[in-house]
Each structure stands twice: as structure tokens, then as C-alpha cells.
Amino acid sequence: MGRRSGEPPTAAADHARTAAAPGTGRAAYGQKGGRLQHPRRLRRLLRAVGYGLGFAVPLTGLAFLVREKFLPVIELDDAAVRAATDISRANDGLRAFWFGWQEATQPKWIVIVATVVCLVVWRRHDLKTRSLWAFVTMLVAWNLQLDIKLIVQRARPIVSDPVSHAPGYSFPSGHVATGAAVATTLVLLLWPLLGPVGRRVAVTVATLYVVVTGLDRVFLGVHFPSDVVGGIIFGVGLAAASYAGYLGWNPRQADGPPPPEGRTGPETPKGHP
């Protein structure tokens with residue numbers, strides 16, 4: 001039986017009209033939801049910029065001091081290198097440990113191992129974009145620290161009886177800068193996959209790795225302490241800013257399907273294991 005003139009449209013007809021009309025019903029809700037996401041995404045990206053500036057400012061200040069040979073910093077660096085190399089020369093076992101650590105923590109080996117970790121996380125946990133973020137961040141850090149060396153052009157420490165030699169410029173320490181970036185990035189990559197104990201272990205191991213690497217560079221006499229500090233600021237800061245930017249670029253949409261991040265992603269909803 002046909003619908004009489006003036007009768008309200010049926011639910012089916014109303015649903016069809018809503019679906020067909022752009023900007024109405026569910027489509028309008030989706031667009032509104034998308035608009036509501038823009039301020040949130042902007043805040044996240046601004047937070048990433050803030051993190052970057054928060055680390056870039058002290059790094060730039062330290063680089064300026066060492067490039068201009070600010071006397072208090074230079075004197076402290078020279079005294080620390082002399083004392084550290086004296087200890088290394090007097091202790092064969094310690095010196096052998098430092099040489100072994102130097103070879104094992106070459107940036108190329110660290111990046112290769114970290115790349116394998118990214119592949120495992122991608123394949124086993126289906127965290128594709130998270131793994132790609134980690135991989136790209138580590139490569140950027142590895143190459144960017146070399147560019148900073150060319151800009152600052154600080155000479156290596158000069159020791160009367162050197163323990164070791166290293167080519168290139170000194171600020172920041174490449175071992176420490178790359179190592180700090182890789183360690184921080186891997187902790188952030190694995191964070192949603194770890195429990196409370198695992199997270200504490202990951203942070204502890206990453207911290208010890210960076211600290212020992214920094215000591216290695218000074219006790220071998222190939223870097224000043226300020227080079228190590230600059231490397232830590234650079235590596236941790238770049239990884240933190242990059243991660244904040246990644247979260248801002250890939251937010252979870254409230255009215256859409258979750259991103260293809262498997263069971264865990266850059267944002268884990270409340271109550272999610």
C-alpha cells in the first residue's frame with residue numbers, strides 16, 4: 001500500500017536520505033568528530049615542538065660555550081680528561097674494558113641491533129607504524145649528530161700520553177648521542193608491551209648503558225665530559241620530541257576504527273591491558 005500524501009516518511013526512507021545527504025546524520029557526526037580532533041592534534045604537535053625546544057636550547061647553549069672556548073668549561077673538561085686517562089693508564093683491566101666497550105657500542109652496531117628489535121616488534125606484535133617511527137628516529141639521530149659535529153667543529157682532547165685515538169670532531173660524542181637516542185627510542189617502542197617490572201628494568205638498563213658509554217669516552221680520552229653531556233641532551237631530546245610528534249600525528253579517532261597497531265599502539269585506552 002502506497003504512502004498517503006502528508007504522511008511522515010518511514011524510518012527506512014529517512015535512513016536512506018540521511019545516508020545519501022552529505023554532511024548529515026552519521027556523516028555529519030564523523031565530520032564533526034574530525035573537526036574536534038584537530039585542536040587535540042595541534043596541541044600534541046605543539047607539545048612535540050616544546051619538547052624539541054626544551055632540549056635544543058641547552059644543547060645550543062652548551063655548543064656555543066665549547067665553540068667559543070668558555071674558560072670555566074674548558075678548564076673543567078681538561079682536568080676531567082687528564083684525571084680519567086691517568087686512571088685508565090694505571091689499570092690494565094679497566095683499560096681493556098673501555099676498549100671492548102668502545103668497539104661493542106659503535107653506532108653502526110647499535111643501530112643494526114635496534115633495527116632487528118623494530119622488525120621483531122613489527123612482525124610479532126603488529127605494531128607497524130610504531131616500529132617505523134622508532135627506526136626512522138634512530139636513523140635521523142645517527143646522521144644528525146654528525147651534522148652537529150661539522151657545525152661546532154670542536155677538536156678532540158689533547159693528552160700528553162693518550163690512551164686511545166679517534167678521528168673527527170668532538171662535540172657531541174657520537175657514541176653517546178646515538179646510544180642515548182637508540183636507548184630512549186627502544187624504551188618508548190617497547191613500553192606498551194612491558195609490565196611494571198619490565199618497564200623499570202628497561203629504563204634501568206638504558207640508563208646504565210648511556211652512563212657507561214659516556215664514562216668510556218672520557219676515560220679513553222677521546223671526548224670531553226661536555227661532549228658526553230651534549231650527546232645525552234641530543235639523544236634523549238630528539239627521541240622524546242619525535243615520540244611526541246608521532247603521537248600527535250597518529251591520534252586515536254573517537255568515532256572511527258582504531259589504527260592498525262594491533263593490540264597496543266601509541267595510545268592505550270583506559271582499562272586496556
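Every residue, even glycine, has its Cβ placed from backbone N, Cα and C.
Over in TrEMBL, the protein carries these features:
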- 1-36: region 'Disordered' (REGION)
- 8-28: compositional bias 'Low complexity' (COMPBIAS)
- 45-66: transmembrane segment (TRANSMEM)
- 109-125: transmembrane segment (TRANSMEM)
- 132-152: transmembrane segment (TRANSMEM)
- 133-243: domain 'Phosphatidic acid phosphatase type 2/haloperoxidase' (DOMAIN)
- 172-194: transmembrane segment (TRANSMEM)
- 201-222: transmembrane segment (TRANSMEM)
- 228-249: transmembrane segment (TRANSMEM)
- 251-273: region 'Disordered' (REGION)
- 262-273: compositional bias 'Low complexity' (COMPBIAS)
Next item on the list: Give residue numbers and ranges for long-range contacts of the transmembrane segment (132-152): same chain, 6 or more residues beyond its ends, CB-CB under 8 A.
Entry: 63, 66-67, 107, 111, 114-115, 118, 121-122, 168-172, 174, 177-178, 181-182, 185-186, 188-189, 231, 234-235, 238-239, 242-243, 246
Next item on the list: Please spell out the DSSP helix, strand and coil residue counts for the domain 'Phosphatidic acid phosphatase type 2/haloperoxidase' (133-243).
Entry: 83 helix, 0 strand, 28 coil
Notebook entry, point to check: Mean pLDDT for the domain 'Phosphatidic acid phosphatase type 2/haloperoxidase' (133-243), as a whole number?
Noted result: 94
Item checked: Other parts of the chain folded back onto the transmembrane segment (45-66), taken as Cβ under 8 Å at six or more residues beyond its ends -> 73-74, 77, 148, 151-152, 154, 171-172, 224, 226-227, 229-230, 233-234, 236-238, 240-242, 244-245, 247-249
